[in-house]
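Here is what TrEMBL says about this protein:
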type	residues	note
ACT_SITE	B:374	active site, 4-aspartylphosphate intermediate
BINDING	B:374, B:375, B:376, B:472, B:496, B:519, B:550, B:630, B:631, B:632, B:743, B:749, B:773, B:774	ATP binding site
BINDING	B:374, B:376, B:770, B:774	Mg(2+) binding site
DOMAIN	B:89-233	domain 'P-type ATPase A'
DOMAIN	B:796-1056	domain 'P-type ATPase C-terminal'
REGION	B:1079-1107	region 'Disordered'
TRANSMEM	B:255-278	transmembrane segment
TRANSMEM	B:309-328	transmembrane segment
TRANSMEM	B:860-880	transmembrane segment
TRANSMEM	B:910-932	transmembrane segment
TRANSMEM	B:952-974	transmembrane segment
TRANSMEM	B:986-1010	transmembrane segment
TRANSMEM	B:1016-1041	transmembrane segment
């Protein structure tokens, strides 16, 4: 078809060429004939018809359903335990702590929550704290930080960014770390004890390193100066108003102190939604013989420092194992199964349509 | 001066003058110092923008920059051209000397000297020329395109001032009208003061006025005085009056924009209201962890609400696709080059490409519903060939075609009726003499006669004998048949004009007799004839007219000396009138031109243009109504219409002419016609519309200028019937597939276009024409197309597009117009779609972040989304897309109906796209939401050296949504692309790759110039997580699914014609050519050079059969009786033998009609 039109053109040219001597001159004024300019670039011309889409739908269905089932099973195999320790109920052990909270109290309020695991938790167990109704994604909150201060910039340490207002300075000293995010850092302490069937209480070792992004800990967050003695580095700064201790006393380990304290780094990554959980500790597997957390009774000892009652928030402690796809997340599996089946179903419908109408179409293409 | 303690440590001092009194002199100099007044400014109205100003500003800046560059470039070119004009030197006479000056320094009143081949720098009154008689020759080719040399006359009393010194002694004033845009009208008066007498007043007319832009020819030099300069010249005034046209797509675009603006405002309003409802609880407004600053707290609640509203507006402003305007602009600008480059529209004969004067209307070419075409020069070649002449009832036929060329002697005339008596002989002589004398041909000495390009009359005259030379102006030398010279003195010329439709000359023969020769249209000659063989000639004229020949009658009268003098007196008094000169002249002409003796008539043929009939037929099939507007007489025009397939054999012709309205009242005729038409319409079924086939009767309407003005004229009584005429007429027109308007004045053409434009469907109109008389309608119509033809370039210059041949209109509309429309409509819809997809998730996110205007995406993403991540694929799509092969588009004009009435930009489609965008946005957002909600969305730490699970924050959430967004939006376009060249592949996959690379880079480094590092490693962390990949794939597929399903289902169940053809094309790839219409298999159009061989054969044939060429046409799909073999003339039935014959002798272009 294309060829025929080209032929016609050549004939045209031939005629004009023989039209006279002027032909050559005229031809040179003719726009040069490239495929692009004539809009005749070679092209692939796909059309979405029932016929072409059919296989794609079946393929999607056939791939998605197994993936979905896989994801769903994996997600179901993940063991998760969640306990709310906010203490809104009278019956809750933390009720007293939640009621009598005051920023100024010097003695921390403690409460103990017993719980039991029905099933043993194999492999590494991750311990999270969860908060609800806490708007870490509020704009005023999200921007209230100074990244260059956290990156160890000395000038920003002395003079934090304006974004940190009203958590920028206290008592005429710059706050380090400044801003609302840092100021509201989660400061409950959670300890886990295993109660042997014979009644002895053993503390489960919680590992607090390796919970933040590697790049955050090593690149994005840095303590100011090269002085390993953080007390002198932060000498002219004030602690955030709601903190009980200054930043250089977050941990005794110098690799986990100051701005590079991992609890702090985790907190500084603001959550996307008002209900969120953040990694708190890791319980490492001891050996292959015994499960990390055998089934049985446990107690959770909470040092209750963090008030959430005022904004009707909730606090939870979550224990979870993980798989290759992360934590428990039935949504992805279900979504994959659903989409796979829809595609498969549509494929069947289209097959039917294609069979019934496709032939009719092709034969009736030629309008009469 | 003694220093006080501590004074020396002052860094900078200020001196305060107490009571503002100056210090006594002798101390330091008084330097008044400015101190700030005592106003304290600490309040600031800050709109707390959620995104940095740069984020919002950059796209806008980009848009403005690109537009500015484009506009600036065009302006620069204009500026350069202006400069070239402004600085070119002109010669001015000052104090008797010739001085060079820059053109822009020319003042009104300066006396200018212009040499041969120079362009006049401004509008001038001609004072004197190098010739003694004070005439000069001018070509106005660049002004109105007429390349012929026109004669201009110097003022009688100043023509003697031929040297610079002499001109300088001239003492005169000129009174004239204020500048007016009409090129051909000028009224003024010059007062010349000679020897301090009473001034001599002389009238000035357009024959004294040299227009800026015209060129002096054949005259050594002239002296003239500037009267209009700069922007007041007639050329500049004409230039300004060109108005901006807007396309229908642009109008719907603006309507959509308003809808989106409403959506934007309502979104911002809803969020503001909800914010304050939600914040009513103080613990939500200001929880302990997120306190406000003192300043914020003190702000009044109304100010806070207002700034919040504005902040929401800023956050959501991306829903208004600002960059769309740039993209559309670029698309139009670049896209118009495809018309320029098109080989098929390149004219080999004159070596011209199409012209694109505006690129704003590209897509309008795909929307045309009415085509208004001129006849002469547009449908026909405007190449006059003498067919016959009839003298005194005897018919003479030339045996070769003159083509405006001189025949050697008069041997070309073949006497068919070769027995004219003595009296006949005399009449014959007079007849040819009349033709020779009665014209305004000027021949340049150095040029051969046959190079003259002439209009109808002159062209014909030259074909007999000729000649007049500018040197012996008023004398015409005549070579009669015996090669003897006869001399006539030209006394008066009564110029041709379109109202009188005739012209006359008064000559004195060598024997001293006065003759007045007149020639003109039959209608204007016959009423003025007193004797001669009127009946025979009239019969012949009518016969010729039916065959589509242009006829012209010639008459004369003898004048006595007294009659001549009286006439001269009449003319002179009319010419000298300062006011209403035209009117007075017309009256004088009317008195003079009467009591003629009829000599005879000529018939001239104007061939149809190559493929004109095929083009008209295609336009009809494309659902376009074609109107022919011509100044010709009805019979001639009707014949052309049949030849060009405007009317078919089975078209029922409705006549609305003066002839009919004389018999019945206009009212009755109109109602009659409308009843006929409406009866048909009632029985018309839907499928006839799609097929244009079979028994459905189509109507053709013929209306003439006089009746038209009666129809359009509002009745004095203002009664209801008056207003109804127009409605009834429109109703009739709507139901006619073809309308022929004959005897139209130029202004009436524009009136018709205006009337159709204003009718209630507001159809898109296209006007095409070649002459200056078509300019008004070209400017009036939505799309104006000029033909670069014989009648100059005025039409081409005023048009939006200019082409060389009428047949190119087919490709212009059916292929280019179709493509442009498809492309731009997708462009517009897609732009709105992708911005809904972009912004709606942000809107949803507000519900989960306490309505705090927290942006979902990072600044860089907000800024670059429209500029670089998604802009190029759609731009290239809108330049390259071809949903159907262009050969099929050309072959099957009915595809054009699929896009008629702006069908791709209707409200339902717009709503569909918007809902698709909202759906996709919901999928993006809630997909990510459920993934993040209450779960540990983790990354597999293997890559990161530690074996841990990490939490993702809000920026990861946004990045995930954004990634899905970019992929979905780009793939959506990929699904819509039907034409994948390497460029499309490159741009689409390249954009996605660019997004990935950019994100890796943006998150890979701590950027020192940023005061936040929130994106650091976010993208990498996301990609290192398995669920992120899985969810991206899932969400992209889910978002694309509905659109795919909708497309496939619609295609399978309710396919449009376009889709059917697409399917067929795919199915029959390579075989479709079997169905190609015959036209493409025909031999290429006949060229001039290979004609002579069978020319005489054809024409003899025609003469004897008096029948036109046959046209053979097969339909694309074969077998529709409509277009099978079909004669353009009514008489096919009489001679079937002939049609076979015509086909047999090589089909010298089936399109070559008579």
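Even glycines carry a Cβ here, placed using N, Cα and C.
Keep in mind the model is a prediction, meaning the values are calculated, not measured.
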Interface present between the transmembrane segment (B:986-1010) and the transmembrane segment (B:910-932) (three or more C-beta pairs under 8 A): no
Tally of residues which DSSP labels helix, strand or coil - the domain 'P-type ATPase A' (B:89-233): 14 helix, 63 strand, 68 coil
Lowest local Cβ density (other Cβ within 10 Å) among binding-site residues: B:376, B:773: B:773
Three-state secondary structure, residue B:743 (ATP binding site) (per DSSP): coil
Residue B:743 (ATP binding site) and residue B:774 (Mg(2+) binding site), distance between Cα atoms, whole Å: 14
Neighbouring binding-site residues, C-alpha within 10 angstroms of the residue listed as 'active site, 4-aspartylphosphate intermediate' - of B:550, B:770, B:773: B:770, B:773
Interface check, the transmembrane segment (B:1016-1041) with the transmembrane segment (B:952-974), three or more C-beta pairs under 8 A: yes
Cβ-Cβ neighbours of residue B:770 (Mg(2+) binding site) (radius 10 Å): 31
Inter-residue Cα distance where the pair is residue B:376 (ATP binding site) and residue B:770 (Mg(2+) binding site), in Å: 8
Residue with minimal Cβ packing [other Cβ atoms within 10 Å] among the recorded positions B:374, B:550, B:774: B:550
Under 8 Å by Cβ from residue B:743 (ATP binding site), same chain, sequence gap 6 or more: B:630, B:631, B:632, B:633, B:634, B:704, B:705, B:706
Mapped DSSP class for residue B:376 (ATP binding site), helix or strand or coil: helix
